[in-house]
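Contents: one structure, followed by commentary.
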Number of protein chains: 2
Amino acid sequence: MEIGSEKLHSDIEIALSAKMKPIKEIANSIGIKEDELDQYGKYKAKINSTVMKRLEHEQDGNLILVTSINPTKAGEGKSTVTVGLGDALQKLGHRTIIALREPSLGPVMGLKGGAAGGGYSQVLPMDEINLHFTGDIHAITTANNALAAFIDNHIHQGNELGIDPRRIVWKRSIDMNDRVLRNITVGLGGPSNGVPREDGFDITVASEIMAVLCLADGLQDIKKRLSKMVIGYTWGQRPVTVADLGVEGALTLILKEAMKPNLVQTIAHTPAFVHGGPFANIAHGCNSVAATKTALKLADYVVTEAGFGADLGAEKFLHIKARGAGISPKAVVIVATVRALKMHGGALKEELTREDLSALKTGFENVKKHAETISAFGLPFIIALNRFADDSPLELEAFGKLCLDSGISYALTEVWEKGGGGGIELAEGILKLIEDNNRSFEPLYDLSDSLEVKIVKVAKTVYGASDVDFTPAARQQMKKFEQEGWGSLPVCIAKTQYSLSDNPVLLGRPTGFKLTVRELKPKIGAGFIVALTGDIMTMPGLPKSPAALRMDVDESENAVGLF
Amino acid sequence: MEIGSEKLHSDIEIALSAKMKPIKEIANSIGIKEDELDQYGKYKAKINSTVMKRLEHEQDGNLILVTSINPTKAGEGKSTVTVGLGDALQKLGHRTIIALREPSLGPVMGLKGGAAGGGYSQVLPMDEINLHFTGDIHAITTANNALAAFIDNHIHQGNELGIDPRRIVWKRSIDMNDRVLRNITVGLGGPSNGVPREDGFDITVASEIMAVLCLADGLQDIKKRLSKMVIGYTWGQRPVTVADLGVEGALTLILKEAMKPNLVQTIAHTPAFVHGGPFANIAHGCNSVAATKTALKLADYVVTEAGFGADLGAEKFLHIKARGAGISPKAVVIVATVRALKMHGGALKEELTREDLSALKTGFENVKKHAETISAFGLPFIIALNRFADDSPLELEAFGKLCLDSGISYALTEVWEKGGGGGIELAEGILKLIEDNNRSFEPLYDLSDSLEVKIVKVAKTVYGASDVDFTPAARQQMKKFEQEGWGSLPVCIAKTQYSLSDNPVLLGRPTGFKLTVRELKPKIGAGFIVALTGDIMTMPGLPKSPAALRMDVDESENAVGLF
């Protein structure tokens, strides 16, 4: 697919043939002591919270945020570029840590087959990271479903709190693509089986607990956040929280180990923190605050990524994660590919191998919009043009010209095929930007703005919408939420990742569109208000021929079929 | 509760105050090399399959099986005695390994609060073992639910195999006590959400995959067993297997690490293998073959336990696990308590602190029946009388007299309070039995017997039933299963654990009762046919005040409220 796909090596083959260093050595290289580490096998470890305490007064390193254009079916390789950039910085002699999200098993079994970078820019052990890793997502699933069981048990045992079974907003979760669990009825079969009601499962990475784990600052903060989560409403329509049920202690206990950042390595032995993986639409879509903050204490450069395009991931990274945690990127990378831009310019997926300068030019508007957004936040950026095998020389030249004409700097990356060596130009570009920049980002809205103003500001400045339509239900909710005292939280707009607008087929740079906000959801534990635009899928389905059909274990107990 | 409960230390307090040795040292003490070990933190490890290969030709140590009378609400402390006996053998200078089941998180959150022995006879780290441990049960949940998703996806995508959605026998699973998930409907809300059907969740330890993992001999055997699991029937009522769906490779991959035995230690640093935890009614209820066989290669004495009373756990341990794996216990411990025997003799739970020699005498018949059963298998045994604080001297004396009159040997244990020191008499008794015994157990039925004959033999010899009633449905199933070629599998009778009969309120030693077999279930991957008698609960519920309400994490990140 990307450069190197002409060779007959799949990601798993490259990953399994790579020679890892013992994780103790990797930890040691960034100054983590052995008693601050809990090993999970020889090549994975969890980092104890004692590290942060020890380094509390150290200066932070430089944070680099990797984001992208709106994703297309052509693939952009954002994680691959993130890993490759980290390896390139390490190769240039800089103390570097990469901070990534954990992959969700459901999509691995479905379409993706794997998600830990690609080619020679991967984090290892790729097979274990894609399967159970250190059990974080399982712990979140468990906490999520324990809470669901406590809710239904409370109702079954007399419902002292007066929870309205029709107004429970806490859903069950599972780390699997399982469409039949989207809408279910539970509690059937008579009184001993509880009180019947409508329910449904989300994929675990969409659980508020995943967002809580990613945004919390330590175990006591997790507990505080968990206790504030709204699980539903009483018959009198007052919110019911986890604290009302009294189970925040048990949920915290379930999450105790999952809270600790995981340490692994890239093929080039660059340390990588892979921790947390919230959805980038219903949640904020970036790795954990704990991992990012710990990495900043341990390295001069920390490379991290945010989910989907800059309109979703980077916006939320900045407004939700970075503002909440008191950190700021020093510079931003926007990943783009010729293939994806041609799709944004109207080319069909089947025609992407054909040279199409006109589509490229039209599609380039998508990069430009994201570049403007990052500028609006006051941050310097560089475009990483992630080269694919069938990009033509003329297309590459045309891209360079488009950048030059727009005053945008870019670097060509070939990290899939060459690892860090294919990202040197990008690394040098980033180092230059950081050297010249001493500012933090400027939020596009204030927390004291009303929920409506916050949403409108993001819609206009980041998406390029002409205006926002709120449904009557959404307006009523905004009013109610502000009455509940939730008005000062940031907003987390759930929107299709494929378009800057809320219509997935409007590619490139749509203009003159109105964003429609249908519904709001309070995520008080996570600390944001979700605003839903369009139908947001929180439980994917499996394709006709799932990747699982090609998975196996060979005679030497190695994984087969992850790619 | 048990001796020592007068002191103000809970199990978790004792566990947290114990000083563990690094797991590398424990491994080293039984000759496991560092590269054969995958550490999960400092005090837990998985043992690679290379150990078994290296020791293939070594002689096996002596296996000791711990079973008990029919359990009552008074508590027997079977796991506590198992751990205490192991510590006692170690204390006497014998190379000993304890082999236990993994606790299920659902009951921990519900009633139990913890399950890794008790008092000074515990396995550590108790908190982690009771929570996620090394993720085995999460892996089983994941494999179980991946299979469920593959089934529903197959139907949604065209149903090439012609699976009848009304005849799917594969249920979803979750490691939580959650009664509202027993009976559900899935696939609601229109065509994009799959095909609607009735479904339900079992607790994970009731999943056939748990039984497969526990009975399989290596990863390739797991794959073969998984491929044979029956997930439902076609419109033409022919069985559909995992092999038909082609996902046995993916499921094996999900279970790759879970297959490896886990090593931990007791408070006295005796090595303990804690691995696998199938239900002892719907499944066979003992720890994994992989763990037991590996332990037998590494130690002179291996102490293991089977679930519930000897009528359920020991019978299945012998007929299913031991026969399949080609191993045999050298001697058996039957755990009894004065309290529990008084309940078997008609005393009420509220009156157990009151001396009641008459109830004790009547209840003693329960011990005698289990003793006869173990004798019928041709195995020597000893009763462990697990002493509780309010056992009166007269009661203890009466118990001794009852044993003497029946020609049964027994030993008093005080392992809750004293650890291994409280189990020396029991250990010496067991050593004597093993010294005098060179036989393997004799099964009570042959695999070539018909399913009906197998069930009748167990019912009469082990339960003491006068006869067995098969419902017409059960008779039809027996015929069908034998036509399918499943007739030569052992039977796994699902019966209440509280009574020797299929009526939970018939305590003591009921006679003249008929066992009713209602239904049969093929567990072809596990390798047995389940015969259901009465209503067998495969998804427990939470109590009004779940143990979870008292759980927390303290400022030092230690677990609170596990007991």
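From the backbone N, Cα and C atoms, a Cβ is placed for every residue, glycine too.
These come from TrEMBL:
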| type | residues | note |
| --- | --- | --- |
| BINDING | B:Thr72, B:Lys73, B:Ala74, B:Gly75, B:Glu76, B:Gly77, B:Lys78, B:Ser79 | ATP binding site |
Practice item. Measure the Cβ-based neighbour count of B:Gly77 (ATP binding site), defined as the other Cβ atoms within 10 Å of its Cβ. Key: 27
Exercise for review: Could you list the residues of the same chain, at least six apart in sequence, whose Cβ is under 8 A from the Cβ of B:Ala74 (ATP binding site)?
Suggested key: B:Thr337, B:Arg339, B:Ala340, B:Lys342, B:Met343, B:Lys349, B:Leu352
Check your understanding: How many neighbouring Cβ atoms, not counting its own, are there within 10 Å of the Cβ of B:Lys78 (ATP binding site)?
Key -> 27
Exercise for review: Tell me the Cβ neighbour count for B:Ser79 (ATP binding site), meaning other Cβ atoms within 10 Å of its Cβ, over all protein chains shown.
Suggested key: 22
Exercise for review: Across all the protein chains here, work out how many other Cβ atoms are within 10 Å of the Cβ of B:Gly75 (ATP binding site).
Suggested key: 16
Practice item. Identify, among the binding-site residues B:Thr72, B:Lys73, B:Glu76, the residue whose Cβ has the fewest other Cβ atoms within 10 Å in this structure. Key: B:Lys73
